[in-house]
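Have a look at the structure below before the remarks.
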């Protein structure tokens, strides 16, 4: 099996971009939760 | 419970079970029974992965945890998306290349039979025990709140799930799970909307958040590093990462979900969907718990949410003391309600002095309430044998059954039962597949026909169903049910993950050294649990480090002379 055997993800050109989306959403959520914590503490 | 609620509950469960059986009626071969013929699309696998993790405990215990401890439990899930990415890059292509039925098959090709068998046995031990809790937890709570018979509830959940898992295997599990997830998400969204609408006039969502924030419930992120603190950013990111890596990468109840994918890309997307949706879903469930907390700032809550245990005290000689505590609790509640209304008035008027004063009053009233609850717990302990003193698992369902409109009560109970059934079905299916593929087929009867192994899988499913129901019937009361499951997982996952990390990433290590390192690590982890205060999430990281480190140390000693 080679890298070429794996289909690309929908909406993105590469899997790296897809992983970036998942990690970016995680970072955004942590930041949002931190801001909620600070503003209500 | 009204007739409408019963109709919604029974109708929802019946439709889901019959649909799962009908969709999986043609499963005759190992590939279809254990891997759903590799026909699953990514969104089905994503829902199946989420439904496997979301047990009934998630929907009962998590809102109660937010009610009591705020939303900091969300940090437990921060490592999950990281693990989904790592598994998509590394584990999924390897599992697909080797065309395995279980994760443990890979360990034999990489190391040896005994390492594969050890990992499979640790999994069977851990999953077999925790599945008992998965059935017991909702049954004890439903029986306490609704007066249902405990044994009957355990048997109802256990037998129905065993039946459709035996009939349809992996396909029945995933087909039912996608409907169960729809019910769970829909039910919790409806619950969040209804709780906000039930708040008193003049208290909307933003006011509710202000009250929750002033009470310290919006503590979503804690940046302090403390290895003895269960939930902070670092334990969530690091400990949660290793726990998720182990759970999703090496626990057959999860690996079995995404091995049924059409292609590597579909399986990856299924896992990444979980990485994107899981944290918002947990946030929603915790938020419902916080909204319930706010509701009980304006409406009198019971002194103790486990009404069955409270009734035992009332029926005893301690009844006068209990009623005195209830009367004092009512006074504390009225002071707190007054302070909460004062806080909202002060915020509206931008009066910082009055706001600070109201917050102080709220804190004082909360301290009084906590002291009264501590006294109530002492009475509960004296008059209930083998008592679980954390009644937080009862908060959400007590709220639902006493406050929600007719019909919605049935839907929320269906959410709880769907969650119980979805996670239990995955567990039975994975216990059966591991027993057949890694033990029976490999070491007991290697050359039988495909039909024989399907029959064996069905019998193992029945057997594991019976074992889990037995554990559920005799389960003792545990501190907090969701934590009990996570602690049980963390005790074994570190070792199992250490074996897999050595297999995937440390090419130098050989089977014999990894096997003995894993045995020693498991003993050391038990020692840490029994004799140290280290928070359980760290066992996952410690287990991995110990397996890999000890394997490096043992390898020169165990190497056979040339």
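Cβ coordinates come from backbone N, Cα and C, glycine included.
The transmembrane segment annotation in TrEMBL covers B:6-22 (among others).
With a threshold of 8 Å between CB atoms, the same-chain residues lying at least 6 positions outside the transmembrane segment (B:42-62) that come near it are 73, 133-134, 137-138, 141, 173-174, 177-178, 180-181, 184, 188, 247-248, 253-254, 257-258, 260-261, 265-274, 277-278, 281-282, 285-286, 289, 392-393, 396-397, 415-417, 419-420, 422-424, 426-427, 480-483, 485. Marked as transmembrane segment by TrEMBL: B:42-62 (among others).
Marked as transmembrane segment by TrEMBL: B:117-139 (among others).
Look at TrEMBL and you will find B:145-167 (among others) tagged as transmembrane segment.
A Cβ distance under 8 Å defines the sequence-distant neighbours of the transmembrane segment (B:179-199), meaning residues of its chain 6+ beyond its ends; these are 12, 15-16, 19-20, 47, 50-51, 54, 59, 205, 207-208, 281, 284-285, 287-288, 291-292, 294-295, 298, 400, 403-405, 408, 411-412, 414-415, 418-419, 421-422. Per TrEMBL, transmembrane segment is recorded for B:179-199 (among others).
The transmembrane segment annotation in TrEMBL covers B:231-250 (among others). Panel annotation: around the transmembrane segment (B:231-250), residues 49, 53, 72-80, 82-84, 86-87, 91, 103, 119, 123, 221-225, 271, 274, 486, 489-490, 493-494, 496-497, 499-500, 535, 537-538, 540-541, 543-544 of the same chain, lying at least six beyond its termini, place a Cβ under 8 Å from a Cβ of the stretch.
Residues or ranges marked as transmembrane segment by TrEMBL: B:271-296 (among others).
The list of residues near the coiled coil (B:339-382) in space but at least 6 beyond its ends in sequence, with Cβ under 8 angstroms from a Cβ of it, reads 202-203, 207, 210-211, 214-215, 297-298, 303-304, 306, 309-310, 312-313, 318, 321-322, 325, 328-329, 332-333, 389. The coiled coil annotation in TrEMBL covers B:339-382.
What TrEMBL lists as transmembrane segment is B:408-432 (among others).
Positions annotated as transmembrane segment by TrEMBL: B:453-475 (among others).
Positions annotated as transmembrane segment by TrEMBL: B:481-506 (among others). Packing against the transmembrane segment (B:481-506) from elsewhere in the chain are residues 55, 57-58, 60-62, 65, 76, 90-91, 94, 103, 106-107, 110-111, 115, 118-119, 122-123, 125-126, 129-130, 133-134, 137, 242-243, 245-247, 249-251, 393, 514, 517-518, 521-522, 525-526, 529, 536-537, 539-548, 551: each is 6 or more residues past its ends and has a CB under 8 Å from a CB in it.
Residues 111-112, 114-115, 118-119, 122, 487, 491-492, 494-495, 498-499, 502-503, 539, 542-543, 546-555, 558 of the same chain lie 6 or more positions beyond the ends of the transmembrane segment (B:513-531) yet place their CB under 8 Å from a CB of it. For B:513-531 (among others), the entry in TrEMBL reads transmembrane segment.
The transmembrane segment annotation in TrEMBL covers B:537-558 (among others). Distant neighbours of the transmembrane segment (B:537-558): 76, 227, 230, 235-236, 238-240, 242-243, 245-246, 486, 490-491, 493-495, 497-499, 501-502, 506, 508-510, 512-514, 516-518, 520-521, 524-525, 528-529; these residues of the same chain sit at least 6 beyond its ends, with a Cβ under 8 Å from one of its Cβ atoms.
Looking at B:6-22, B:117-139, B:145-167, the range that has the most CB pairs within less than 8 A of the transmembrane segment (B:453-475) turns out to be B:117-139. Long-range contacts of the transmembrane segment (B:117-139) within the same chain, counting only residues at least 6 positions beyond its ends with a Cβ under 8 Å from a Cβ of the stretch, are 55-57, 60-61, 102-104, 107, 148, 150, 153-154, 157-158, 250-253, 393, 416-417, 419-420, 423-424, 427-428, 430-431, 434-435, 438-439, 442-443, 464, 467-473, 475, 478, 481, 484-485, 488-489, 491-493, 495-496, 499-500, 515, 518-519, 522. If you average pLDDT over the coiled coil (B:339-382) in this model, you get 86.
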